[in-house]
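For 152-231, the entry in TrEMBL reads domain 'Beta-ketoacyl-[acyl-carrier-protein] synthase III N-terminal'. Among the features that TrEMBL reports, domain 'Beta-ketoacyl-[acyl-carrier-protein] synthase III C-terminal' is placed at 292-381.
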Amino acid sequence: MHLLSSLLPSPSSYTHFPLSIDSPPKLFALGLSKDLPPLPLPNLRYPGCKLVGCGSAVPTLQISNDDLSKMVDTNDEWISVRTGIRRRRVLSGRDNLIALGVDASRKALEMAKVDPDDLDLILMCTSTPEDLFGSAPQIQKHLGCKANPLAYDITAACSGFVLGLISAACHIRGGGFRNVLVIGADALSRYVDWTDRGSCILFGDAAGAVLVQACDSEEDGLFGFDLHSDGSGQRHLNASIKEHESNTALDSNGSVLDFPPRKSSYSFIQMNGKEVFRFAVRCVPQSIESALEKAGLPASSIDWLLLHQANQRIIDAVAARLEVPSERVISNLANYGNTSAASIPLALDEAVRSGKVKAGQTIAAAGFGAGLTWGSAIIRWG
Ligand code: UT7
């Protein structure tokens, strides 16, 4: 993705780059060897992309801070002062993640006035798929897409949606895709240790979706982005594979066999909250500043700051560093907690439907979390 996006002209340079169907770009002029496999050509007709629809869905079961105080040694005051969270939605027997993703997707398609049959690509950003092999094809099936668009999952925890958005843009700009549905959906409640008061108070389940559509360069709505990973920070936040003992198998000579492998499952979420907090407050403002620089925009051009909804104190610290006043900061984590990859599209959807975010406004969106991964995108809504 990085290679592709670095090879493609930036949105602003498209206006100066004389591309046309009749004169395809000269890839060799970009320094590529003749021996390399061919790269997809930039989308010559529609070099831009814009966000034209959004939707969201949450489970029906609501758990308040008071409810949690009956399960672990905590209280509403501690949780709301330290995190800003008052309640969260959690999957129960009545819902599942695919259904939430489909519900959110239908709303986004309806707003965008795009038929499921006109989708070219579905990206399901989730770290908690209901099928280890991927959830996106199930979304495709339940939406009833007769054309069977390509559908696959992106796993990047709480940064998943931002990565999905940039992937959608790369597919559109570099691969000729027209309508890309980006879904952020997670059910971390399934991996939370409900006896650990240090982490169980944070998380909720939800899905959000955005329709990203190809457009002319003048309408392009992705101004700049910045993405990072640092695997050395994995110890601060993970839900890693756990091997379980199984009956030892012996070969015909009585020696212990390495095969069949032992049964595996994932551990509960392991988190060093303080380290994750420090990482977010340090890296997120830097990432947004870098994306703004690439976009050639000052921080004062941000109409809305839309961060991954993890902790109100993180949101406030990043806003203060970027000098974005609180009335231009989107926050809904009081009602939903940290919904991982869903948090940005969920908050965006609420802000759009309530009339807060209007067409043409500039949003600085940033995700951060396990991996570690983090990244930001400067986008225009509508
Ligand atoms: O998508 C990214 C996901 N992760 C995050 O965003 C996590 C970012 N980190 C945070 O949000 C915060 O670090 C937490 C909310 C997790 C914790 O807040 P904190 O201000 O860093 O608290 P702490 O861990 O330093 O704990 C302070 C005290 C401790 O007691 P002592 O040692 O001072 O007596 C904890 O045992 O608060 C205690 N504590 C609690 N008390 C009541 C920890 N959790 C709770 C709780 N209720 N739920």
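Each Cβ is built from the backbone N, Cα and C atoms, and glycine gets one as well.
The helix, strand and coil residue counts that DSSP assigns across the domain 'Beta-ketoacyl-[acyl-carrier-protein] synthase III C-terminal' (292-381) are 39 helix, 23 strand, 28 coil. Taking H, G and I as helix, E and B as strand and the rest as coil, DSSP gives the domain 'Beta-ketoacyl-[acyl-carrier-protein] synthase III N-terminal' (152-231) the counts 26 helix, 32 strand, 22 coil.
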